[in-house]
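What TrEMBL records for this protein:
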type    : residues                    : note
DOMAIN  : 40-289                      : domain 'Nucleoside phosphorylase'
BINDING : R80, R124, I125, G126, T127 : phosphate binding site
BINDING : Q203, R205                  : substrate binding site
Amino acid sequence: RENFIHLCNPHLEKMKEDILYHFALGTGTHDFPTLFGDVKFVCVGGSPSRMKAFIAYIAEELGLGSPGCDYPNICAGTDRYAMYKVGPVLSVSHGMGIPSISIMLHELIKLLYHAKCSDITIIRIGTSGGIGLEPGSVVITRQSVDATFKPQLEQVVLGKTVIRSTNLDEQLAQELMQCSKEISQFNTVIGNTMCTLDFYEGQGRLDGAICLYDEEEKLQYLKDAYESGVRNIEMESSVFAAMCNLSGVKAAVVCVTLLNRLEGDQISSPHDVLVEYQQRPQKLVGYFIKKSLGKV
């Protein structure tokens with residue numbers, strides 16, 4: 001069962017039914033193998049609307065849908081997350097921050113396990129703040145690091161601190177990089193991604209409601225991050241990497257940078273420019289999926 005989902009929880013085998021509460025799905029009410037058994041690629045991102053746009057995009061790319069076709073939200077019974085499917089691709093929103101994506105991943109991993117899925121690739125697509133990169137650059141994450149630049153996730157379980165690895169699949173990162181070279185539409189790099197616990201102080205911004213450091217200290221911190229190999233900052237990659245590692249799933253993080261944090265804190269690009277930036281991870285991952293399925 002090397003290529004199947006590995007569940008690190010022996011208690012689940014003893015349960016008569018598994019209710020995925022935040023998805024409004026359950027093994028007693030839904031036939032998971034029939035609904036999801038053919039899934040090979042899962043793409044996750046923060047925004048429900050962005051993940052709906054992604055499924056429409058990939059459907060067209062794979063020739064599995066028609067323009068203007070509507071894709072129903074599989075999780076319509078809840079307002080926590082949204083989920084869409086076309087062919088072998090599942091698209092799921094995860095909200096913002098480590099707690100939100102963690103809850104989603106627990107239930108997503110169980111869903112894939114109950115559906116008896118194999119050879120799964122999970123990719124987070126999203127936005128980030130760049131360090132030393134032009135806005136619009138795409139970063140493929142090598143390692144997710146914490147705010148002290150260590151490739152680890154610290155989590156308190158039963159009152160004890162547990163440390164988990166946040167490395168991501170190197171071969172998958174290289175395959176994605178090769179895909180970016182082939183489509184040759186935007187700058188793409190492989191680098192470390194810093195995952196923080198908040199958007200303002202945790203990322204060294206000067207524009208939050210609270211800020212007790214000066215601009216020189218902020219810039220020194222960001223330069224130290226760059227020197228350690230960090231190329232962008234976001235808020236979900238560490239727990240994403242840790243949970244995929246424990247579940248034996250190939251995983252990648254592909255995020256576009258909306259600004260260069262060495263030059264400012266606020267995102268000021270025009271809306272249409274930001275929309276085009278946000279489509280870049282989608283284009284790269286879409287091409288990767290097409291290539292993997294022999295449709296390039």
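Yeah, the Cβs are placed from backbone N, Cα and C, and that goes for glycine too.
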Residues R80, R124, I125, G126, T127 binding phosphate per the record - widest CA separation, whole Å: 20
Using Cα coordinates, what distance in whole Å links Q203 (substrate binding site) and R80 (phosphate binding site)? 26
What is the number of other Cβ atoms found within 10 Å of the Cβ of T127 (phosphate binding site)? 21
What's the number of neighbouring CB atoms sitting within 10 A of the CB on R205 (substrate binding site)? 18
Applying a 10 Å Cβ distance cut-off over all chains shown, what neighbour count does R80 (phosphate binding site) have? 18
Quick one: average pLDDT across the domain 'Nucleoside phosphorylase' (40-289), no decimals. 97
Inter-residue C-alpha distance, R80 (phosphate binding site) and R205 (substrate binding site) (nearest angstrom): 28
Which whole-number value in Å describes the distance between the Cα atoms of G126 (phosphate binding site) and R205 (substrate binding site)? 20
Which residues, sitting 6 or more apart from R124 (phosphate binding site) on the same chain, put a CB under 8 Å from its CB? C43, V44, G45, H94, E236, S237, F240, A251, A252, V253, V254, C255
